[in-house]
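S.K.: Residues or ranges marked as compositional bias 'Low complexity' in TrEMBL: 134-143, 188-200. Annotation comment: TrEMBL describes 1-104 as domain 'C2'. Sequence annotations record features per position, and here TrEMBL assigns region 'Disordered' to 124-144, 169-200. Per TrEMBL, repeat 'ANK' is recorded for 241-273, 307-339, 349-381.
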Amino acid sequence: MVFNATLVVKQAKGVDATKFQGDEQFFCTVSFDDYYEATGSVPLPILNWNETFNLEIPGDGNPVPVSMIIYAEGGGDEADDDIEVAALDIGIGSKGFTRGEKWYTCSEGVQLLVHLDSPDIEPESPSFTYVPPSQSQQHGGSSAKDLHLALMSMNAGLTANILQNGADPNAPVHLGEDDEQVLGSFGAPSTSQPPASPSRASKELAGLTALHRVAARQGGGNCAQLLLRAGGSPSARAGANLCTPVHIAAACGAVDVLRLLLEHGGEVDSTHGGGLTALQEAVLAEETGAAEVLLECGAETSICCPRGLTPLHWAARGGNVEMVALLLKHGAEVGVRGHCVASSESGARGATPLHLAARKGHREVQAALLKAGADPAERDSYGRTPAHEASLHGHLTVLKELLDIRGIEAGILDYDDCGSSPLQWAIIGGHVNIVSHLIRSAGSTSSAQLQDELEAAYAVANSSAVQEIVALFTPILRSEKP
């Protein structure tokens with residue numbers, strides 16, 4: 001089905017012929033409802049395809065009519081990349097436009113008398129923005145500002161024209177509020193840092209190029225291709241974190257852009273100022289598609305972040321079983337040990353991915369790691385096994401599966417370098433269900449030995465929770481024969 005409408009700009013006021021020489025632009029956007037949107041001066045078989053009108057008003061001071069046909073075609077799933085985008089394109093704007101004739105006031109005091117005839121469907125919007133020509137426009141060229149406007153709607157046709165007119169693809173572009181929301185927290189060394197505010201993001205993201213911006217958006221492949229062909233650098237560093245477009249595309253899951261960047265020489269394993277590679281960014285953002293592209297292009301799985309953890313550590317910690325499987329498929333070492341400088345919430349010295357999966361209670365990830373050969377008896381630099389982690393953090397099901405492999409004694413009489421067993425850690429953590437399971441499944445372990453474990457935990461942490469557990473189980477153990 002094709003929806004037709006005719007938009008006629010009948011007059012223009014406020015265009016100063018002595019100041020402007022015919023390069024003025026009016027950006028007009030019109031949509032017909034929340035689902036079908038105008039596509040431009042040629043029909044494209046895709047819905048919600050956003051472009052922008054570029055209306056040229058002669059600079060002789062005389063208002064002239066400018067006519068165009070707007071139409072949208074629904075029903076297809078893919079755009080025809082071979083169709084050339086004509087000079088007049090269309091996109092989305094704010095609501096409030098009705099049929100008939102009306103004056104609209106733009107910026108710079110410019111006014112347009114617009115008549116819309118839409119026989120097929122009631123329209124919702126247009127909005128008009130007047131953009132005076134920049135210095136480069138007055139000399140026949142295009143500026144970074146023009147490129148910014150084209151990239152607001154990922155308009156490939158307008159981007160191509162602006163690049164052909166001399167816009168520098170590596171010049172810094174202005175970031176809108178939406179870009180700052182997307183990129184504000186980019187480059188943090190871990191996901192524990194909160195997103196940056198837009199004002200902070202403006203400072204931290206200063207100098208980002210058009211490729212950085214395109215890399216932050218889904219579906220920017222056509223614009224990225226144009227920028228790369230025009231000499232855009234896939235390795236340009238900008239912002240406080242000195243990130244490249246490759247880092248941003250990986251973190252934002254822009255798979256089509258990421259693939260193009262790597263094909264044009266983007267560095268697959270470089271780290272930005274936060275110390276992360278593109279693969280680490282993709283893993284932290286849980287962008288499996290981006291991670292797969294990077295791994296296919298040779299991304300290294302053994303590089304550690306500033307916290308001493310590999311991508312497999314982060315995937316296991318995050319519970320992303322699909323990402324874990326992908327990394328293992330591409331050669332990640334299942335028993336790799338982290339080298340964090342200190343014990344922390346994100347990991348400890350010598351922790352394996354299995355330690356982190358057990359700590360977080362990720363049962364499916366633990367199963368995948370064990371199937372791939374992870375050792376459930378592996379100790380970190382403090383002598384703790386994954387069973388210690390599961391006990392301390394209260395994950396009974398995960399602990400049971402570990403002890404099904406190692407035996408119940410590994411949960412009671414297996415001591416770390418501090419002399420604490422998983423049972424003691426469960427007592428210290430206040431996890432009654434785990435303590436109950438271990439005591440009732442103790443097998444050959446004597447009641448006296450179990451009582452010793454209770455007293456040892458009490459000596460380490462004399463908290464109210466520990467006191468309650470000791471008080472609960474001591475009578476039970478004393479009533480049993482040794």
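Placed from the backbone N, Cα and C atoms, the Cβ positions cover glycine too.
Remember, TrEMBL labels are computer predictions, not curated facts.
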S.K.: Mind tallying the repeat 'ANK' (241-273) by DSSP state, helix then strand then coil?
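M.R.: The breakdown for the repeat 'ANK' (241-273) reads 17 helix, 1 strand, 15 coil.
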S.K.: Could you break down the residues of the repeat 'ANK' (349-381) into DSSP helix, strand and coil, giving a count for each?
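M.R.: Secondary-structure composition of the repeat 'ANK' (349-381): 17 helix, 0 strand, 16 coil.
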S.K.: With helix taken as DSSP H, G or I, strand as E or B and everything else coil, how many residues of the repeat 'ANK' (307-339) land in each class?
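M.R.: Taking each residue of the repeat 'ANK' (307-339) in turn, the totals are 17 helix, 0 strand, 16 coil.
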